[in-house]
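Novice: Structure incoming, see below.
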Amino acid sequence: MWEILLHSLRKGVVTAKPAAPLPHDLAPAPRDSAGPIELLGEALRSEIHRLFGRSMKLRHVDCGSCNGCESELQALLNPFYDLQRFGLDFVASPRHADALIVTGPPALHLEEALRLTDEATPRPRLVIAVGDCACSGGFCAGSFATRLGVHEVVPVDVRIPGCPPRPEEITRGLLKALRK
Amino acid sequence: MTGSTGTPPLPLDHVLRSLRERFADAAIEAEPGRRREQRVAVPAARLSEVAGAVRGWGGSLITAFALDEREPHGHFRLRYLFSMAQEDAVLTLESAIHAGDPHFPSVTPEVPAAHWLEREIQDMMGLLATGHPDPRPLVAHDGWPRGCHPLRRDFVPPGDMAWPPRFAFTPVEGEGVFEIPVGPIHAGIIEPGHFRFASVGESVLKLDVRLGWKYRGLETLARGKRIAPALEIAERACGLCAFSHALAFSGAVEEAAGVLAPPRARALRSLAGELERIYNHCGDLAGILLDVAYAVGAAEGQRLKEVAQQACDALFGHRFLRGLCVPGGVTRDLDDARQRWLRALLARLRVDVEELVRAATANDAVMDRLAGAGTLGPEPARDLGVVGPAARACGIGHDVRRAHPYAFYPDLDFQVPVRSAGDVSARFSVKADEIQESINIIDQTLLRLPGGPLLTERVVPPAGRSGLGLVESPRGLLSHWIRAGEDGTIDEWRMRSASHANWPAVAIAVLDNIVPDFPLINKSFNLCYACVDR
Ligand code: SF4
């Protein structure tokens, strides 16, 4: 116990600080930046307050992703991004959800599961497609075993493209969903 | 199940001689292969016998698949690839199956590791494995129209595309037996799969794992594509092992084309492969700790995964290292300043992982849950052909980086951590040790990083040539096999991931454990669904 406390004191706060910052004289490999997580998160918090009073609950449905998008959704909850502090969380049942987060093209095998999950979600609900696959079929386009995006199965409110979108990009996309 | 498992592998020449002697009546033809591959044509009727013998001589099954060669040869071709680990050799058993009578004797009774592979061959190619102990469909859900075999060359997608999932399950009966169905959609950010437990009280009597939910038809989709788009598909078969997939696919294309990536590219491939292992294993440690409600440790493990992924992003432009490995080399370099930065970052990570492991293992509440949970013995592990950290946690020291060295591994000096208990705690320790070993490997690679170009000239395999790429992905042995088509296209592609080999073992490891420990046991294997379903 004491060891853990001591350890935490030594380590300090890690949330929202870059976990692996490159020194200033080294440019990171090129990528587009979605902006600092802290600013996105604060904006998200005020939108959530405006729309839901306190918190927004998400239910994730994997419809045949490669697991990359899942990993980034899980990352949203790690100590670095820690989106829970802005009033956002993933729940275990669609009955408790304000929004569905869907990944994957979807695969035909999961169509029924997606439809049933959507039916089980109380209205009004948002449907957010995360990843190129979910937005348009992505690299699976042309396969006989998948669709060309989640919208072919359930109506989609917001798309967050990327393969996979980085956690900042997902956060920005969620913000966009709430401002709609 | 054959018992001859512990014998050391014999040199390939000896195996070939024994094959000819023992199966003199079976018209076995050995065809000299490239580099390290030996192909042996076996009459279908003798296949299972010969496969059993090869296994007895130390061969371990890498993968098995079928090819549709009805045009022009009038038959299907079955291939069983065995690793002869002691001398970096691959022995392929081949059988022609006549198109008019698409049956073949199942190899599974002799080589249980072929279990899922043969079920998949039935679904994908429409061949029937006679004598298979459990011939239910694997990928094809029961709603598939008859005659829908997506890897046949004349496959036409069925008009009716709605496939409601209906399954046959093996019923378990008896007083007090309950069936607990779970999934496909789970309560968390997890991939879909259906698990059906039969339990008495709290103990698991039987677990039936039904996957195939994420079937995206990737091997069919890649057919006829040029190399670059095919690579994009291969790399997206799995998110968390994306780099390993790109590497195995590139290895297969390079072998078919007869080229080698330049030394600097090979070194950077090893480096990136180990970075991938580090972030995966950090995530796995976190997952195990989360499932025993050790929140501090879980948070720290997730933080370390994030550190490693941000490093991947900063250095190579992608958190999952996509786009880095291509046939012929790699697309990005590391200059001196970035190398120094990476070494310093990994030095800190090393200490952090040590501290995390020390804190977790010193905590009785944690260890009480890990020790003895989900024990997998070496015998079933060998029979089922378990690979990767899951195998090394029950005393099987197989590692592709040693057995079939690729990239920069022939030049590196590294340990392969092994434990013997086979429980969750052993898998935890193996992964923790492997993180340290990966950091060693990266340090060594950086010290010896060769100069020179990153890419060879254009890599175009001649039509008809095939190649095999083997990689030790974070979860274990990963194989990609390709055959080139005209004009730099991919004619056939077959892939088997470590998770495909290990899933049947999860169903064994949970037996006699309590149902509430299933998530923990499952997490300790941390298998992927996407690369199994494809
Ligand atoms: S968008 Fe990319 S990362 Fe997400 S599921 Fe599809 S292939 Fe995977």
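Placed from the backbone N, Cα and C atoms, the Cβ positions cover glycine too.
So TrEMBL says this about it:
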| type | residues | note |
| --- | --- | --- |
| BINDING | B:Glu219, B:Met495 | Mg(2+) binding site |
| BINDING | B:Cys238, B:Cys241, B:Cys528 | Ni(2+) binding site |
| BINDING | B:Cys241, B:Cys531 | Fe cation binding site |
| DOMAIN | B:41-157 | domain 'NADH:ubiquinone oxidoreductase 30kDa subunit' |
| DOMAIN | B:304-457 | domain 'NADH-quinone oxidoreductase subunit D' |
Novice: Closest of the binding-site residues to B:Met495 (Mg(2+) binding site), Cα to Cα, picking from B:Cys238, B:Cys241, B:Cys528, B:Cys531?
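Specialist: For B:Met495 (Mg(2+) binding site), the spatially nearest of the binding-site residues is B:Cys531.
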Novice: Taking the Cβ of each of the binding-site residues and counting other Cβ atoms inside 10 Å, which one has the highest number: B:Cys238, B:Cys241, B:Met495, B:Cys528?
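Specialist: Highest number of other Cβ atoms within 10 Å: B:Cys241.
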Novice: Could you tell me how many residues in the domain 'NADH:ubiquinone oxidoreductase 30kDa subunit' (B:41-157) are helical, how many are strand and how many are coil under DSSP?
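Specialist: Here the numbers are 34 helix, 37 strand, 46 coil.
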Novice: Quick one: of B:Cys238, B:Cys241, B:Cys528, which binding-site residues have a CB closer than 8 A to some CB in chain A?
Specialist: B:Cys238, B:Cys528
Novice: Same chain only, sequence gap of 6 or more: which residues have a CB within under 8 Å of the CB of B:Cys531 (Fe cation binding site)?
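Specialist: Listed in sequence order: B:Ala237, B:Cys238, B:Cys241, B:His245, B:Met495, B:Ser497, B:Ser499, B:His500.
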Novice: Using all protein chains in view, find how many other C-beta atoms are within 10 Å of the C-beta of B:Glu219 (Mg(2+) binding site).
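Specialist: Total other Cβ atoms inside 10 Å, all chains included: 20.
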Novice: What does DSSP say about B:Cys238 (Ni(2+) binding site): helix, strand or coil?
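Specialist: In the DSSP reduction, B:Cys238 (Ni(2+) binding site) maps to coil.
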Novice: Tell me whether B:Met495 (Mg(2+) binding site) sits in a helix, a strand or coil according to DSSP.
Specialist: strand
Novice: Indicate whether B:Cys528 (Ni(2+) binding site) is helix, strand or coil by DSSP.
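Specialist: Coil, per DSSP.
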